[in-house]
Amino acid sequence: MEIDYSPAVKQALEAGVPVVALESTIISHGFPYPKNIELAAKMEEIILAEGAVPATIAIIKGRIKCGLTEDELELLATSDDVLKCSVRDLPVAVGGGKTGATTVASTSYIAELAGIRVFATGGIGGVHRAEEGGGGFDVSADLLELSRSNVVVVAAGAKSILDLPATLEVLESYSVPVIGYKTDTFPAFHSISSGLPVPASVSNMEELSQIACMHFKLGLPSGMLVCNPIPAEYAMDNAEVDALVEKARQAAVDAGAKGAAITPYILGALNRLSNGKTSEVNMALALNNGKIAAQLAVHLLSQLEKD
Ligand code: PSU
Ligand code: MN
């Protein structure tokens, strides 16, 4: 598959400089403009500051891009004609010359093809709650892709709009290692903890990179999920989030939002209902994931070279 690399990403991959993949759905469908472009720029800065090179992935007019120009980021942030592309949408987007933002699933898929081992996002998709407004029967392709793309994904867990116990069960069935970074519970995106235990946790970067290194050395076909909770100073109380989520879910039912449109709809409703607070929190956790992913990419590369 042909991928268009930006000069910076191409150079980094050739020279063996650590690279961190970034998704673009968070830009096109996760934040309002101009917060989204602010996030995209800050995410790149924070990764560069840690000594890694950011590679934002998207489909631009039918071309798979790994590393974007400012104009391309601006297009993704402002156009209302950007498809939300999971893996199954790639043939339609690429074949049809369309512009699409990549989800955790499709970004992981492309990152592996590009030889990028670490990917930072906000939160992963998961198993939706079965009741109305939860999406009905709806399981994100992010989970399936985590089982078959050989990439370490750093995320602040998943949002409490999802069924988190079921999400963890599916990750177990799919043999995806789930590692808590400085936590022994699964983070709930806006909140530090869902209260659900994770199967393993590490207390520092050295340990994390050793485990990630072992994942690749064992040749496991799956990805690995690193759960990095939101920093305490930005975190929201579980009760505050739960109350907002209930209202946002009702708004989604009233608006008839379904399928792939559910998550973006609920994110927008949470932002409105909280007067922008959830977007601020979302920004803080995404940047923190960028930072940890960059540190991991740097450590992992030297670890892999050592062994
Ligand atoms: N969660 C967020 N913000 C997002 C997403 C999830 O807080 O922008 C996006 C990610 O790109 C994720 C996708 O991969 O939604 C999952 O969508 P679905 O549930 O339709 O698979
Ligand atoms: Mn879905």
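Glycine is no exception: its Cβ is also placed from the backbone N, Cα and C atoms.
Because TrEMBL annotations are produced automatically, they should be read as predictions rather than curated entries.
Per TrEMBL, active site, proton donor is recorded for Glu23. For Lys84, Val104, Ser140, Ala141, Asp142, the entry in TrEMBL reads substrate binding site. What TrEMBL records for Asp138 is Mn(2+) binding site. Per TrEMBL, the feature active site, nucleophile maps to Lys159.
Everything TrEMBL records as a feature, shown here on the structure.
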residue : record                    : DSSP (3 states)
Glu23   : active site, proton donor : coil
Lys84   : substrate binding site    : strand
Val104  : substrate binding site    : helix
Asp138  : Mn(2+) binding site       : coil
Lys159  : active site, nucleophile  : coil
Tell me, how many other CB atoms lie within 10 A of the CB of Asp142 (substrate binding site), whichever protein chain they belong to? 28
Cβ proximity for Ser140 (substrate binding site), under 8 A, sequence spacing 6+, ordered by residue number, returns Thr103, Val104, Ala105, Ile124, Gly125, Gly126, Val127, His128
Please go through the recorded positions Glu23, Val104, Asp138, Ala141, Asp142, Lys159 one by one and keep those whose C-beta falls under 6 A from any atom of ligand 2; give the result in sequence order. Asp138
On a simple 10 Å Cβ count over all chains shown, which one of the recorded positions Lys84, Lys159 is most densely packed? Lys159
Nearest by CA distance to Glu23 (active site, proton donor): which of the recorded positions is it, out of Asp138, Ala141, Lys159? Ala141
Looking only at Cβ atoms, how many others are within 10 Å of the one on Glu23 (active site, proton donor)? 28
Of Lys84, Val104, Asp138, listed as binding-site residues, which ones have a Cβ less than 6 Å away from ligand 1? Val104
For the residue listed as 'active site, nucleophile' and Asp142 (substrate binding site), what Cα-Cα distance in Å is obtained after rounding to a whole number? 14
If you draw a 10 Å sphere on the Cβ of Val104 (substrate binding site), how many other Cβ atoms land inside? 29
Which are the residues of the chain, Lys84, Val104, Ser140, Ala141, Asp142 excluded, whose CB is within 8 A of where the CB atoms of the substrate site average out, their centroid? Thr25, Ser86, Thr103, Ala105, Ser106, Ile124, Gly125, Leu143, Glu145
